[in-house]
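Enquirer: My questions will all concern the structure given below.
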Amino acid sequence: MTVNGFINTVITSIERRFDLRSYQSGLIASSYDIAACVCLTFVSYFGGNGHKPRWLGWGVLLMGLGSLLFALPHFTTGPYEARSAAQVGVCGGNQSLPCSQAASSLSGYRFVFMLGQFLHGMGATPLYTLGVTYLDENVKTNYSPVYIAVFYTAAILGPAAGYLVGGMFLNIYTEIGRETDMAPENTLWVGAWWIGFLGAGAASLLISIPILGYPQRLPGSQRYIVMRVSEAHQLKDGSHKKASDPDFGKTVKDLPRSVLLLLKNPTFIFLCLAGATEATLIAGMSTFGPKFLESQFSLSASEAATFFGYLVVPAGGGGTFLGGFLVNKFKLRCSGIIKLCLLCTVSSLLAIFIFFIHCPNMPMAGVTQMYDGSALPGGHLNLTAACNAQCGCLQDTYSPVCGTDGIMYYSPCHAGCKSVSVNLRNGKKVYQECSCVDKALLPGSGKAEAGKCTSSCAKKPLLLCFIFVVILFTFLSSIPALTATLRCVSDRQRSFALGIQWIVVRTLGGIPGPIAFGSMIDKSCLLWQDQCGEQGSCYIYQNSAMSRYTLVAGLVYKVLGTTFFIVACLLYKPPPPESAPGSLDASENGTSDLQEHKPSLPAEEDI
């Protein structure tokens with residue numbers, strides 16, 4: 001909720017409040033992944049052989065401190081004073097907007113935000129490595145995927161809650177108790193971004209107390225450890241047996257050997273690579289999914305985010321839980337689980353071809369067509385025409401309006417509107433006497449309403465349906481893939497294997513994913529923001545190009561993922577049949593004594 005919900009929701013408010021550039025806010029977001037990558041090896045290796053609940057408890061405590069630190073700048077800075085800027089004017093209004101804005105000292109607070117995010121990353125590291133293995137070792141093997149699926153479903157519902165709650169707080173003015181004549185729609189509005197972090201910080205501190213009180217192993221878990229059957233990949237030189245030594249992994253000198261054993265396990269390596277390709281898609285789609293819907297269906301940013309939330313919560317949450325349920329229901333062993341992952345990846349690969357279709361761009365004067373309705377040569381912009389030449393319009397503030405002729409205009413000034421009133425029915429501003437709006441279509445027209453023109457794209461239900469399928473099958477393979485990872489490595493290496501996998505997934509998938517998708521989508525931009533001669537963000541995208549680039553990126557990563565799952569399946573070498581389920585007695589007699597001396601053995605094998 002904090003990291004993937006609140007922060008994504010409030011990042012634009014923080015940029016506005018503390019005068020940050022987009023790349024600086026990007027660094028704030030990346031600090032989480034950087035911290036996780038730095039800590040993963042250490043935490044998963046030593047925590048995996050230590051007292052897991054204590055590592056988890058201290059991690060949650062660190063997360064709480066990170067959230068409180070993130071909210072701190074609100075209390076250490078002066079009250080927010082909105083800089084007076086020329087409001088979006090009608091034709092002939094005062095259009096001057098000063099360009100020379102001195103750099104604000106507030107931008108230094110980005111380091112406080114980065115530190116807060118770094119603490120979030122450090123604190124969350126044990127959750128997804130030690131937390132998963134602690135769950136796994138304290139329940140029956142067959143039930144483990146279901147428990148882990150519940151855990152990961154919560155991790156998907158959390159961001160959804162963060163979006164909803166964070167969005168509500170942004171409708172409250174940041175200086176609570178102070179009167180302001182600004183509305184939340186105003187470009188200078190800053191909402192109460194900090195409330196969510198205070199609540200999340202306090203909740204984390206409270207949750208850490210009971211977690212710290214848990215025992216190293218829950219009562220009865222010894223029984224599950226003894227009953228567990230090894231499905232670790234068998235290495236030709238038999239070196240995988242080293243990891244079953246009860247003293248293995250207790251000192252730093254075993255770390256290189258532990259890494260080497262994992263590197264010699266081809267199934268583990270290719271499952272990590274498959275996870276990285278899926279993570280790239282998930283990171284890219286979660287970052288730019290709302291932007292894609294916003295452009296295709298001509299929605300506002302809030303409508304697009306809500307739409308995307310409605311897609312992700314049932315598809316992502318349902319897919320995650322269903323994946324764990326299927327492994328449990330059919331009692332799949334390691335090779336069967338990898339085949340299930342392969343089936344899911346192929347299904348989503350087929351569904352991704354839906355991006356061959358797209359919704360047409362809404363006609364926009366000076367961008368997609370000329371003011372007189374004729375076609376505009378590709379790559380050429382011309383926002384000035386005879387009808388608005390006398391208005392002296394500036395390009396600094398983009399505030400689209402929809403004319404009664406069904407054409408969008410860059411701003412009321414660019415539509416040549418002379419006066420403004422408010423529609424009492426929906427509260428939207430209505431601009432009158434617009435010289436650029438074609439009056440020949442409707443007598444008494446020449447009006448424009450604030451906001452984009454609504455799209456009547458007939459392909460909308462089909463696109464949404466197939467995007468839902470892509471998300472569903474992408475998340476459906478996540479828990480089975482995690483389960484297969486835990487089963488194909490030795491008992492004592494499970495926490496460490498998860499840590500290494502997270503490093504691979506983050507460095508190859510989570511961090512570059514949004515960058516790769518973002519650069520692809522930027523290529524389809526038609527109209528860039530002009531900030532005093534510098535290129536800002538993109539206002540209008542070409543829908544056909546956006547769909548085409550999304551299809552290319554999706555296909556590349558899905559084909560790679562499918563290939564990695566196929567190779568993992570072909571190279572997996574299970575233990576010989578005599579050590580499989582049939583020899584439970586031998587396992588009870590021969591292993592139980594050994595297990596008694598393994599207090600820190602992660603029973604991750606349940607998965």
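Any Cβ shown, glycine's included, is placed from N, Cα and C.
Heads up, TrEMBL stuff is auto-annotated, nobody curated it.
Small disclaimer: the values here were computed from a predicted structure and weren't measured.
When I checked TrEMBL for this same protein, it listed these features:
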type: DOMAIN; residues: 1-571; note: domain 'Major facilitator superfamily (MFS) profile'
type: TRANSMEM; residues: 27-48; note: transmembrane segment
type: TRANSMEM; residues: 55-75; note: transmembrane segment
type: TRANSMEM; residues: 111-135; note: transmembrane segment
type: TRANSMEM; residues: 147-173; note: transmembrane segment
type: TRANSMEM; residues: 193-214; note: transmembrane segment
type: TRANSMEM; residues: 267-287; note: transmembrane segment
type: TRANSMEM; residues: 307-328; note: transmembrane segment
type: TRANSMEM; residues: 340-358; note: transmembrane segment
type: DOMAIN; residues: 381-435; note: domain 'Kazal-like'
type: TRANSMEM; residues: 461-484; note: transmembrane segment
type: TRANSMEM; residues: 549-572; note: transmembrane segment
type: REGION; residues: 578-607; note: region 'Disordered'
Enquirer: Quickly jot the same-chain residues contacting the transmembrane segment (27-48) by Cβ under 8 Å, restricted to those at least six beyond its ends, or write none.
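Expert: Beyond its ends, the transmembrane segment (27-48) has Cβ neighbours at 3, 7-8, 11, 14, 20, 55, 59, 110, 113-115, 117-122, 124-126, 129-130, 133, 249, 255, 258, 492-500, 502-503, 506-507, 510-511, 600, 602.
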Enquirer: Please figure out which one of 55-75, 111-135, 193-214, 307-328, 340-358 racks up the most CB pairs under 8 Å against the transmembrane segment (147-173).
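Expert: Against the transmembrane segment (147-173), the leading stretch is 307-328.
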Enquirer: Using DSSP, what's the helix, strand and coil tally for the domain 'Kazal-like' (381-435)?
Expert: 3 helix, 13 strand, 39 coil
Enquirer: What stretch of 55-75, 193-214, 340-358, 461-484, 549-572 shows the most Cβ pairs under 8 Å to the transmembrane segment (111-135)?
Expert: 55-75
Enquirer: Which stretch, 55-75, 340-358, 461-484, tops the Cβ pairs under 8 Å count with the transmembrane segment (549-572)?
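Expert: Checked against 55-75, 340-358, 461-484; highest Cβ contact count belongs to 340-358.
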Enquirer: Which sequence positions outside the transmembrane segment (340-358), separated from its termini by at least 6 residues, show Cβ-Cβ distances below 8 Å to it?
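Expert: The answer is 274, 278, 296, 323, 326-327, 332, 459, 462-463, 466-467, 469-470, 472-474, 476-477, 480-481, 484, 543-544, 546-548, 550-551, 554-555, 558-559, 561-562, 565-566, 569.
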Enquirer: Do you know the mean pLDDT across the domain 'Kazal-like' (381-435)?
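Expert: Mean model confidence (pLDDT) across the domain 'Kazal-like' (381-435) is 84.
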